[in-house]
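S.K.: Features from TrEMBL:
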- 1-28: region 'Disordered' (REGION)
- 17-28: compositional bias 'Basic and acidic residues' (COMPBIAS)
- 43-65: transmembrane segment (TRANSMEM)
- 77-101: transmembrane segment (TRANSMEM)
- 113-136: transmembrane segment (TRANSMEM)
- 156-173: transmembrane segment (TRANSMEM)
- 185-210: transmembrane segment (TRANSMEM)
- 222-241: transmembrane segment (TRANSMEM)
- 285-306: transmembrane segment (TRANSMEM)
- 361-384: transmembrane segment (TRANSMEM)
Amino acid sequence: MLPKDNPRTTATATISSEDHQPTEERDEVPRILCSRKRYSGSLLFNIAAFILPALYGTLSKLWIANIDSSLVVTTDAYTYIGVVAEVLNEGLPRAAWLVIGDKANRSLAERHGLAYTLIAFQTVLGLIMSVVFVAAAQQFADAFVPAEVRGASLTYVRISAFSALSSAMQYAVATATRALDLPDVPLVISIVQFAVNIILDMAIISKYHAPGLKPTVNSQGANQLACNMAAAFASLAYFMVITARSRRKEGQGSGEARIRFHWLALLARPGLFTFVESAVRNALYLWLVSGIVAMGSDYATAWGCFNTIRWGLIMVPVQALEATSLTFVGHAWGAWRRNVGAETRRPEATRRQLQGVMKPALLSTAIAVAIEVPLCLFMSFYGARRYAYWISASVPVSLITEKMWKTIDWCYIFYAVSTQLATILLSTRPRWYLYQSLVSNICWVLPWAIAVSKIGITPDNAWT
């Protein structure tokens, strides 16, 4: 996975820990704690970038509940379109941590060329997927929208279909830029997206909307799509400007960073493993969701509220820690591979060298446990039912959500730990990452999906 046209002097694997990273790389790391090239600074940028979309997800449900609480479940169609799109978004882009993040073995222009190629390829795939979603809107609604509101939700599904394009652009830009030590670019995505969303929603669908306008769920979908596209293009423009500027500062011609098929092939090697992993994981999840939706509107809405709790509260620190860990494990792995020799096919590492590579992941794990344990306990004993009622305006939905959360809250503590530890494999050996994910999903998600769809679970006996 290292460029063959970049020869390095082969060294023994028993180099000292002080030589773990080349001198020029060590000297480049600023001493300021909030610098984006340090773990602490990168983590702060990532927390800010992840928390804004999560906050908007909660606010959008509140505004739809004020319009018609029965249509809150309709907004989950956007989420499930995102889950399907995630198969492509987590395929090639997740190879960025290993390939683009290898700053020890690749020049800045090469890494920028890889990033441009990744973004262009994902944009084309996102456009194709959006067209497919529009054409198959009826079939999608049949699978993921309860029958009670299916007819009123078709237009919303068609509007949300083009979120596949915006999410493909945003995810590719965010992943590539984090691997390039530019976590401020994903933050720009979140700020633009959140700000424009709030302004439009306040003016069109909130309680304080402009006179003469009639708020509808389709208005919220159109607002969200417009904001997502604006954020995607704004972040892409910002990324192009700062990367061109950084290459000029390095004394390299901007023309060297080009979209090339060679870069696509280089990303595709590890990207194949992450694509298969994402396809299996998300297919099982959508199978599980379709079974829950089939139990009626209350259960489908409750699952949407559960996901809002999960992605709006629980997963924000987990995702921020994961992105930070992936960045710095990828850097450390590239530096170690450079020192042992790029052509060494079976390198050996000392315990101290392995500790250096794993240190960001272990630190993320410790922080995740410290945050997730009290947060999960708080939601179980106090917050889940109240939060669900707040965003759904439905007592039955809030009670179902509380039962769901109390049943499997402990899983998210283990999920937080496994997510951070898995970054070691994803940033170093994607094939091993695929294997561990297959074991996890086959042993955990698959039995749930089979149970929901095959053994006759009903609203009366579910979650018991």
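Don't overthink the numbers, they just go from 1 along the chain as shown.
Quick reminder: no glycine exception, Cβ is built from N, Cα and C everywhere.
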S.K.: For the transmembrane segment (43-65), give me same-chain residues lying six or more residues beyond its boundaries with a C-beta closer than 8 angstroms to one of its C-beta atoms, as numbers and ranges.
M.R.: 34, 36, 71-72, 74-75, 174, 178, 183-184, 186-187, 189-191, 193-194, 197-198, 201, 205-206, 215, 217, 220, 224, 304-305, 308, 311-313, 315-317, 319-321, 323-324, 390-393
S.K.: List, by number or range, the same-chain residues at least 6 past the transmembrane segment (156-173) whose CB is under 8 A from its CB atoms?
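M.R.: Sequence-remote neighbours of the transmembrane segment (156-173) are 74-75, 77-78, 81-82, 84-86, 88-90, 92-93, 118-119, 121-123, 125-127, 129-130, 133-134, 137, 140-141, 145, 185-186, 189, 217-218, 221-222, 224-225, 228-229, 231-233, 235-236, 239.
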S.K.: Six or more residues beyond either end and a Cβ under 8 Å away: which residues meet both conditions relative to the transmembrane segment (77-101)?
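M.R.: Sequence-distant neighbours of the transmembrane segment (77-101): 1, 111, 114-115, 118, 121-122, 125-126, 129, 133, 140-141, 144-145, 153, 156-157, 160-161, 163-164, 167-168, 171-172, 175-176, 178-180, 221, 224, 266-272, 274-275, 277-279, 282-283, 285-286, 289, 304, 307, 326-327, 329-331, 333-334, 423, 426-428, 430.
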S.K.: Would you mind listing the long-range same-chain contacts of the transmembrane segment (222-241), meaning Cβ under 8 Å and 6+ residues beyond its ends?
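M.R.: The answer is 60, 78, 115, 119, 159-160, 162-163, 165-167, 169-170, 173-174, 176-177, 182, 185-186, 188-190, 192-193, 196-197, 200-201, 204-205.
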S.K.: Do any residues, 6 or more residues outside the transmembrane segment (185-210), come within under 8 Å Cβ-to-Cβ of it, and if so which ones?
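M.R.: Result: 45-46, 48-53, 55-56, 59-60, 63-64, 66-67, 170, 173-174, 177-178, 216, 219-220, 223-224, 226-228, 230-232, 234-235, 238-239, 242.
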